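Taken from TrEMBL as is:
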type	residues	note
DOMAIN	42-286	domain 'Protein kinase'
BINDING	Lys71, Gly429, Glu430, Ser431, Gly432, Ser433, Gly434, Lys435, Thr436	ATP binding site
DOMAIN	336-1058	domain 'Myosin motor'
REGION	939-961	region 'Actin-binding'
Amino acid sequence: MSAAENTASLEANWIRKPLYGLFQYNSSMIGLESLADPSDTWEIIETIGKGTYGKVYKVANKKDGSLAAVKILDPISDVDEEIEAEYNILQFLPNHPNVVRFYGMFYKADQYVGGQLWLVLELCNGGSVTELVKGLLKCGQRLDEAIISYILYGALLGLQHLHNNRIIHRDVKGNNILLTTEGGVKLVDFGVSAQLTSTRLRRNTSVGTPFWMAPEVIACEQQYDYSYDARCDVWSLGITAIELGDGDPPLFDMHPVKTLFKIPRCLIKDFEKRPSVTHLLEHPFIKQVHGKDMSLQNQLAELIQEQQQLGSIAKTRRERIHTRRPYHVDGADKYSLDDDLVNLEVLDEDTIIHQLQKRYADLQIYTYVGDILIALNPFQNLSIYSPQFSKLYHGVKRSSNPPHIFASADAAYQSMVTFSKDQCIIISGESGSGKTESAHLIVQHLTFLGKANNRALREKILQVNPLVEAFGNACTAINDNSSRFGKYLEMMFTPTGAVMGAKISEYLLEKSRVIKQAVGEKNFHIFYYIYAGLYRQKKLSEYRLPDKKPPRYIDNETGRVMHDIITKDSYGRQFEAIQHCFRIIGFTDEEVYSVYRILTGILNTGNIEFAAISSQHQTDKSEVPNPEALDNAAALLSIGSEELQEALTSHCVVTRGETIIRTNTVDKAADVRDAMSKALYGRLFSWIVNRINTLLQPDKNICNAENGMNVGILDIFGFENFARNSFEQLCINIANEQIQFYFNQHIFALEQMEYRSEGIDATPVEYEDNRPLLDMFLQKPMGLLSLLDEESRFPQATDLTLVDKFEDNLRCKYFWRPKGVELSFGIQHYAGKVLYDAYAFLEKNRDTLPADVVVLLRTSENKLLQQLFSSPLTKTGNLAQARARVTAASRSLPPQLSAGRIKSPKYLLKVDTMEVMRHPEETTNMKRQTMASYFRYSLMDLLSKMVVGQPHFIRCIKPNDDREALTFSHERVLLQLRYTGILETVKIRQKGYSHRILFEEFVKRYYCLAFKAHETPLGSRENCLAILEKSKLDNWILGKTKVFLKYYHIEQLNLFLREVIGRVVVMQAYIKGWLGARRYKKVKEKRENSAVTIQSAWRGYEARRKYKEIKNRRTDAAIHIQAAFRGYIVRKNYTRLKSSTGCVADPQLISSCSISDFGCEEHWQQTSNQSSPVVPDSLDKQTKKKDLDEISASPFIRKQSFEMNDSQLISQSQSFTDHQLSSSLRSHKKGGKKYSKVTEIFCLLYISYKLTACNLLYILM
């Protein structure tokens, strides 16, 4: 087998190897501080181009003079993921002649202007093949086919090298194939390349440049389990071959985003039949290069040289779809006629419907109405929400790209940063129109725009929506993921625009769904997720759940639930996703375990059944016929089963201070059971939201929350009209009425009111005002909700009496009562007529939770459960985030805690805190609050948050009721356009002035467009006129106190302002750089002077230390030499004297000792010091003492003892005279002893060597 066949076999094996598991990219995050400084090695020569992330320069190596190319990214504080990926691949990849060589990554730090990241690569100064082809076409020439085959041959060899090393390039195009002046072909740019592992040889990430992307790569954004392999590079190379021949790829005249829809639908896309790179190398068109490669290389080199001399190489570059710069195409500076409905010349319903239908058929689901976005639900996954598109819609002019929800998020973000004002994004529409998904996409893009240094915070925010949706969303008849609660998410940003936290406000959870669902609907998602997850983990028995028949609360479709759990993987995957969300956001394992026990406890509580028992007093009683379910629920809730049964089957009534225990009927016991389940779930949901808010609250060390800004995203349940509509649908539709009223007020009413007050002549726009309908619902005391609360306070009231009261008091065109249906009434909403079934309205509104149940759940050993029923409720019916302190510590226990109902004291001992002292009314508000009052306060709280920020509206439209992709129902869309007022909105945006700014504020914002920076112009009409004329805007009007602008004027002014600020920033950068350089120079000089001073002091210290060491060594040497020499002299003289004398005491000698002149002491000292001039006088005495010690060590000399002690002798030795010494010598006789020979010898020494008296005294000692 040949080498080529071996390679082909190897490549085929790993290309076709199946996908064994998921692979996640683990970023190692290269530390900038670990990179070397490029200034020591490389020197910039000139600029040679501009890449995706920065300029490209030619550099020279300072050591050997070799040339290279460097990409410089500045300023930078972190390594981008694409740059890091390219660095990892280049570092890992072995050298190859057809792959650009890598010389290293460097980091040049600068604390004043920001650091620079240098990526040094091989210099390919022949340009790209695209530039070569463009240059030839400009001269009327084309590349020869032989040259094209040579270029493709080099690219194929480079790709073969990549694929053999398990790397997919994923962005093969003409701009990424560079040439050298010698005719070499090099592959470059590995920023989006994929490095495969042994466990994953395919990828499913949609990246690349649109015109060259393979269909299977684009399809990965639309199909869940779709993937591709290395043959996607073959497709891209084929498109590049067309580019080499024609100068442009196919579909080059279309917008890049549109090509993403065209390519998978219009071109053959069975990539399994596509050849590999190795197979292509055997193609006849490529094999013609064999044997001619050198001559073709020379021809290519000559062609490159000719084009460079002519200077006609075109600088054409088409960016990847996720570049940081906006993607521009010819003629894209103006709106396309179908991008914005305001640009339509004919304004009527048919024209608008036709435009929307045409765009929807082309999968252009977004359309502008001025500054308002219309979003049609595509009912399929689209490949336009990836991080690459987030980069495309980042701080660019809106007309640069097609309409997109990311553009609306970016507009809100830019307004917040520019004007330092809170923003509010309001998403509205019917149920199933795509509001929840739109909210998720906005959060995704805002998180991208407000990138914080803390990656963990961004991940937490992105995991909030999936977690909350699992607990708050459910499947309905018209929407598989319907929001069953209202959510207002506030994303908090620093003044510079970095995200620093988030907060969720939840409203009106549909708790009744826990206990009962309509036909064709399901319970909350989390119940199915946890049941399937525990089933897969084989933990159902641990949580006391049956493995054959699901609990009653989720078994509304007999047989279907268990079948889906066993056969489908979606529930199990969602359970794993929820566990991941808990972990990322920061919930502890103990908290998650408690949540699971409460959820499974709710499911087991629903399985408790009741049966009637006979009594001698003929009162209705109930009992639990299935104690196993009771025990399971009690065990999971950590309470006693007996106490739970007693709380469900009986209740306490206090009459005149006496507690009476009454039994519950079967129906009453079932109601208590269901009320307990609803309370458990509702409070658990509130606790999860509060816990998320605690974990996502801003760090006080980053920024004071008061100085930050917010972007609020409203995702509220859409308008609903089912076959049977109950109390929940009434609340939901009233909330939508309120949102529609806010929209009307902001878009129509306030604008036209300001026209009149400012004296602006504008044609009024008629719109449907729903204020009277809202008054019918909310006014006091005769509004529908007030009447509902009033009737709920009467114990004998029924649902029928409630409907009668409605009919008697609500006499308006919006209310009617159908004939023949007693418990029904109709409402004419803004979106159409809705018929409501009043059954159980009063019961749902009262939402009573017996105090016995509250007290029982407080005694649970589960700390989380204790907290849920010990914390008070807010006015909106949610669990308070912070515990309220007990203000009346002396409050007595509830009667039921002191009555005979409590059989065992252990019932009280289970509570660890004094929270049991809180009265049940404090945690239930059962005497004061109803669901209607909760709803009223919720609307007030929501509106108070919305009105603070500048609103941005997104109107979601449901194109059909069957949830089918690419199906556009003309009637359904027209109905939604009518009741949302889209036609009127188009008219007022076309003719009106949506931005009305006070003169003073306008001048404050934009004065730098017409005045100098140091000037402070007044907020006058004249100054506003000067700014507007300088900006060359048209179609504006000046009122009495305000400037009236079109919706597009603000964007234009902001762009002008951004340009001015950009120039200022550049100037500031230069000034800061100059100041920084000057400060650095001063610091450097100061450091150098300090270094010189320190070095001088150190050198002096070292010199002195070394001199002292040398001096001490010399001194010690001199002392030893002198001591030895003196000892030698003394011994020599002593020997001579001894041999010349008989050592007999001579009286004459003694006499001469007493009368001789001893005035030679000074001469002796001078003589003794001449032998060693380095010995100081202070050491002379020590030297002489050592000399004398040598003498005293002689065997012929013995020390004589004096009568005086040593200290006295030493102290008096200085005052001895020669005469005194002689006298002492004479008197040195005790007991009649004569002079000894030693005494005579000392006398001789005294005379012969002129020793001082002190020296002799030392000797005598």
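Heads up, residue numbers simply count up from 1 along the chain you see.
Keep in mind that glycine also has a Cβ here, set from the backbone N, Cα and C atoms.
Nobody curates TrEMBL annotations by hand; they come from automatic prediction.
Features per TrEMBL, on structure.
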residue	record	Cβ within 10 Å
Lys71	ATP binding site	22
Glu430	ATP binding site	25
Gly432	ATP binding site	23
Gly434	ATP binding site	26
Thr436	ATP binding site	25
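In the predicted model, the domain 'Myosin motor' (336-1058) has a mean pLDDT of 86. Taken over all pairs of the listed ATP-binding residues (Lys71, Gly429, Glu430, Ser431, Gly432, Ser433, Gly434, Lys435, Thr436), the Cα spread reaches a maximum of 50 Å, rounded to the nearest whole number.
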